[in-house]
Amino acid sequence: MGGYIVRRLLSLIPVLFVVAIVVFSIIHVTPGDPAAILLGEEASKVDIDELRSKLGLDRPIYEQFGIWLLGLLSGNLGESIFLDKPVTEAFFERLAPTLSLAIIAQVIGVFLALFLGITAVKRRGTIVDQSVMGFSMLGISIPSFLLGSLLVMFFSVKLRWLPVAGYQPLSEGLWQHIKYLLLPGIVLGIIQAALITRMTRSSILDVMSGNFIKTAKAKGVKEKTIVYTHALRVAFIPILTVIGESFGGLVTGAAVIETLFNIPGVGQLIVNSISRRDYSVIQGSVLLVTVAYVFVNLIVDLLYGLVDPRVRLSKK
């Protein structure tokens, strides 16, 4: 198992190198000048050129990439020209809100998906099954900003149950922390549930057609026991895969919801940095997000062994 973890970590090196090249290339060919944005519209060309020279933006692209890559190898992701702080500091300051939002959304999504998926299996072929699949299709199709806006109108504006937007750190109290993240968590949770529900239903139905399930039925085992005790355990590996990928997506891709609900997370940091052309923050944040995504999937792979011992043995 230790060797497997080492191999996975080593495989991260070429991935990060490719991501670094792609991100660096894209942001440097995108129109926009950080120096001009930083100085404002009233700045003269002389002032802009002077700042570009100070920031090293007047150097050839390959030279800028080489300097950044050397810093990266030494653990230095650079410094934000707008926030006036190291990229790592800016990133980890924003990580807590994103992780809290992702955890709340994932808990909502997983419990809702397992309930709906198992219900659809137990009521397969009925209107309940069709309704669950309809919910799944709708959840996959609807844009997150549209669903978020609709829920804000209902829960925040009409019922006044939850705040419209904003964020309270955990230090202000657990309930205040959860209250501000609950509505965006529900939005993301519904979208995650739509994905996981389909996999839950299809995986359990595949297992239900197996010979050992037919044997259990022939012995008179109740269907509830078959589904919860036997089928769900066997079918859980593909479900766990989707859960892991969706959680990684929440950590890395909640930018729209964070912007909509004004949550100071990593996604909002990246969006703001893109609009300001804060190159160091964009490059560093994307790399750190990539590392986080890979680590989440590594943890999921290790959890396979808890679900199915045969997977654990195959990795030794």
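Glycine is treated like the rest: Cβ placed from N, Cα and C.
Because TrEMBL annotations are produced automatically, they should be read as predictions rather than curated entries.
Per TrEMBL, the features are:
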- 9-29: transmembrane segment (TRANSMEM)
- 95-304: domain 'ABC transmembrane type-1' (DOMAIN)
- 99-121: transmembrane segment (TRANSMEM)
- 133-157: transmembrane segment (TRANSMEM)
- 177-196: transmembrane segment (TRANSMEM)
- 234-261: transmembrane segment (TRANSMEM)
- 281-307: transmembrane segment (TRANSMEM)
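When each of 133-157, 177-196, 234-261, 281-307 is scored by its Cβ pairs under 8 Å to the transmembrane segment (99-121), the top-ranked stretch turns out to be 177-196.
Nonlocal intrachain contacts for the transmembrane segment (281-307), taken as residues 6+ away from its ends with a CB within less than 8 angstroms of a stretch CB, comprise 1, 5, 8-9, 12, 15-16, 19-20, 23-24, 27, 68, 72, 77-78, 80, 82-83, 87-88, 90-91, 233, 236-237, 240-241, 243-245, 247-248, 251-252, 266, 269-270, 273-274, 315. Using a Cβ-Cβ cut-off under 8 Å and counting only residues 6 or more beyond its ends in the same chain, the transmembrane segment (177-196) has close neighbours at 97, 100-102, 104-110, 112-114, 116-117, 135-140, 142, 144, 147-148, 151-152, 155-156, 162-163, 166-170, 239, 242-243, 246, 250, 254, 257-258, 260-261, 263.
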